[in-house]
Amino acid sequence: MRVAIVGQGYVGVTGAVVLARQGHHVTGIEREPARLAALEAGRAPVSEPGLQEELTLARETGRLAFAADLAHTHLRQPFDVVLITVGTPPGEAGAADLSQVVAALTEVAALLPPPTVVLKSTVPPGSSARLLQAHPQLRDRYAYNPEFLNQGSALDDWTSPSRTVVGLWSPGALPVLRRLYGELTCPWVVTTPDTAEMIKYAGNTFLAMKISFANEVARLCAAPDLDIDKVMQGVGLDPRIGHAFLQPGLGFGDSCLPKDTAALAHWAAGRGVETPLLDATIAVNRAQPGLVRDVLREELGEQLADCEIAVLGARYEPWSDDMRAAPSRVLVPRLVAEARGVRVWDPAVEPERLRRLFPGARPCADLSAAVQGARAAVVLTEWPETIEADWSLLAARMAPPAVVVDGKNCLLPERLAGLPLTYRGVGNRLPDRADAPAGAPRPAPSA
Ligand SMILES: NC(=O)c1ccc[n+]([C@@H]2O[C@H](COP(=O)([O-])OP(=O)(O)OC[C@H]3O[C@@H](n4cnc5c(N)ncnc54)[C@H](O)[C@@H]3O)[C@@H](O)[C@H]2O)c1
């Protein structure tokens with residue numbers, strides 16, 4: 001099939017390389033010149049495991065191209081189907097900003113001959129119906145097909161999703177999607193566009209709720225004899241619950257959960273529907289970065305204003321360069337306002353970018369330099385370099401009381417025990433006992 005994918009961000013470029021590798025002729029449409037230039041030069045515009053290699057292979061098939069202009073490309077050789085994967089960032093008061101979707105749909109609606117149209121961007125319930133009022137001719141060949149991929153495993157998630165959700169008003173688009181996704185053996189949920197839109201929001205809200213729940217349990221596990229890791233290990237082993245998204249930390253920091261929970265809350269408020277669970281999920285999350293300051297105040301007291309603080313990691317996750325909602329964005333400016341000096345180290349973020357992201361903080365090229373003379377180090381990313389560092393050497397470089405605040409609960413307490421530092425995780429964590437029977441591993445860092 002001839003496929004266009006409008007918007008070459010995390011979702012669009014993943015779809016483009018996978019569909020081209022599966023045998024379709026794909027054109028990725030991207031309006032941002034720098035991103036388009038990277039794609040045309042064969043460079044992945046976003047960081048995602050395996051994406052660069054898959055992009056190279058997909059281009060070698062001769063079935064993957066990129067362009068800026070959808071209409072012009074369609075005119076030369078019409079597309080059978082156009083997928084829309086443009087951004088839906090947070091707008092005013094948390095509402096989803098659908099301006100990119102509106103613009104893309106308007107472009108697609110003008111195409112002749114008309115292709116099948118598949119919207120994959122996350123939009124609030126009722127959006128497809130509302131947006132298509134301006135383009136009624138699209139209704140019979142329109143599908144809303146939300147994307148569920150996770151950054152970090154985007155290629156696998158696209159290739160082997162847990163389900164395919166399709167919302168349509170008439171069955172016209174369904175056989176096209178079945179041909180497009182021919183290799184998918186997962187369950188298909190075929191429903192109305194409104195329902196499909198709600199499925200996406202409800203799913204993300206549930207994941208967000210699990211993270212906030214884990215963070216609330218961590219607050220309960222503050223006493224010396226409580227071990228949050230073992231609590232979550234024991235809870236997550238229940239197959240009805242599972243370990244995913246049950247890792248305490250400084251809040252959800254990928255780009256989707258904050259904006260999607262806010263958008264659903266805004267949507268509900270507009271309809272006069274109370275959502276106490278969703279509101280609590282958001283409130284717990286908002287409060288979570290404040291934990292770092294609370295711990296620093298407890299450990300350093302009035303000295304905080306006179307301290308150098310090292311921030312170890314700016315990314316939310318090592319495997320993703322998406323920093324749109326990383327907790328560091330909130331936390332570092334707060335620390336800059338309160339401490340004498342803040343240094344930031346992240347092995348994957350250029351010093352110049354760190355400088356732009358965090359005015360007033362000093363980028364550091366390596367871990368040792370970042371902690372030198374710092375009274376506290378705040379771990380925000382589970383970088384292997386940080387986890388596997390010789391903390392006896394790092395502690396010796398720090399100034400007393402050498403407080404280490406582990407915002408990802410990724411350091412191993414047993415490796416820090418006995419060192420001249422004060423370790424504080426999210427919730428109390430105990431060193432693993434060597435004589436303890438082997439069970440499930442410590443919970444993996446959250447996605
Ligand atoms: N990132 C994720 O992990 C993820 C997962 C599931 C769903 N989603 C949803 O998928 C959608 C896309 O997310 P993303 O993270 O890939 O977004 P993104 O912001 O990374 O990428 C969107 C791209 O679309 C381009 N664009 C916008 N309008 C365009 C137009 N008219 N023509 C050509 N290009 C255009 C932008 O320049 C940008 O490169 C969002 O609604 C998001 O909520 C994202």
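Along the chain as shown, the residues are counted starting at 1.
Each residue, glycine too, has its Cβ placed from N, Cα and C.
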Of the candidates T122, T205, T381, the one that TrEMBL places in the NAD(+) site of R35, T88, K259, R324:
T122
Going through the binding-site residues T122, F245, L246, Q247, G253 in sequence order, which have a CB under 6 Å from an atom of ligand 1?
T122
Per DSSP, what is the residue tally for the domain 'UDP-glucose/GDP-mannose dehydrogenase C-terminal' (310-413) in helix, strand and coil?
35 helix, 18 strand, 51 coil
Specify the count of other C-beta atoms within 10 Å of the C-beta of Q247 (substrate binding site).
26
Please name which of the binding-site residues listed here, R35, F245, P248, is nearest in space to C256 (active site, nucleophile), Cα against Cα.
F245
Distance check against G253 (substrate binding site) for the binding-site residues R35, T88, R324, keeping those with Cα within 10 Å:
R324
